[in-house]
């Protein structure tokens, strides 16, 4: 008998079992479901009206689907659409809503890197707004943004990403392209 071949085969089997165990152990933690709800505030003059008086529920980071509509980019179970037309932040939100999506919530480093790679040299609105009453940035799902925004000033309550590879404050009334996001099917 060739003991070297048998031992090599056993080592390969053990490594496969260990690898599969780690995969099954960490898969739910990496791709676990996080449901959040968004309820817009109705304070005129602070940030744009997002969805009127309706509530919107969606899962911003998780989906096990793999199919996106034509013209959308797939990343980690989500579909992303980069508009070619420029609109105000409110009109960008409405544009995404008509496509069954929302402005992108860039809440992981992987998603940020992916969007920076596909956005090129353009600036795109995302779903991040400054809340002057709270003096903090919030995503449209009402979660707090813990990063930093460049060039924030009095009337720059919306955010773009793209050209500079950073989160840049922008006027909500200036026209930019937008990034829409929804679950893959």
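The backbone N, Cα and C atoms fix where each Cβ goes, and this holds for glycine too.
What Swiss-Prot records for 1-4 is topological domain 'Cytoplasmic', and it gives sequence analysis as the kind of evidence. The transmembrane segment annotation in Swiss-Prot covers 5-27, and the record cites sequence analysis as its basis. Residues or ranges marked as topological domain 'Extracellular' in Swiss-Prot (evidence: sequence analysis): 28-185. Annotated N-linked glycosylation site per Swiss-Prot: 35, 55, 90, 117, 141, 146, in sequence order, evidence recorded as sequence analysis. Annotation comment: Swiss-Prot describes 68-79, 96-180, 158-172 as disulfide bond. Positions annotated as domain 'C-type lectin' by Swiss-Prot: 75-181.
Structural mapping of features recorded in Swiss-Prot.
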residue : record                      : CB count, 10 Å
68      : disulfide bond              : 18
79      : disulfide bond              : 24
90      : N-linked glycosylation site : 16
96      : disulfide bond              : 23
117     : N-linked glycosylation site : 11
141     : N-linked glycosylation site : 21
146     : N-linked glycosylation site : 8
158     : disulfide bond              : 27
172     : disulfide bond              : 20
180     : disulfide bond              : 26
| note | Sequence-ordered recorded positions within 10 Å (Cα) of residue 79 (disulfide bond), taken from 117, 141, 180, are 180
| query | In terms of DSSP three-state secondary structure, what is the assignment for residue 158 (disulfide bond)? | reply | strand
| said: Given the recorded positions 68, 146, 180, find the one whose Cα is closest in space to the Cα of residue 172 (disulfide bond). | reply: 180
| task | Could you find out if DSSP has residue 117 (N-linked glycosylation site) as helix, strand or coil? | result | helix
| task | Between residue 68 (disulfide bond) and residue 96 (disulfide bond), find the distance joining the two CA atoms and give it rounded to the nearest Å. | result | 15
| field | Residue counts (helix, strand, coil, in that order) that DSSP gives for the domain 'C-type lectin' (75-181) | value | 21 helix, 38 strand, 48 coil
| said: I need the nearest neighbour of residue 90 (N-linked glycosylation site) among the recorded positions 117, 141, 158, 180, using C-alpha distances. | reply: 158
| field | For residue 68 (disulfide bond), the three-state class that DSSP assigns | value | coil
| Could you tell me the C-alpha distance between residue 146 (N-linked glycosylation site) and residue 158 (disulfide bond) in angstrom, no decimals? | 15
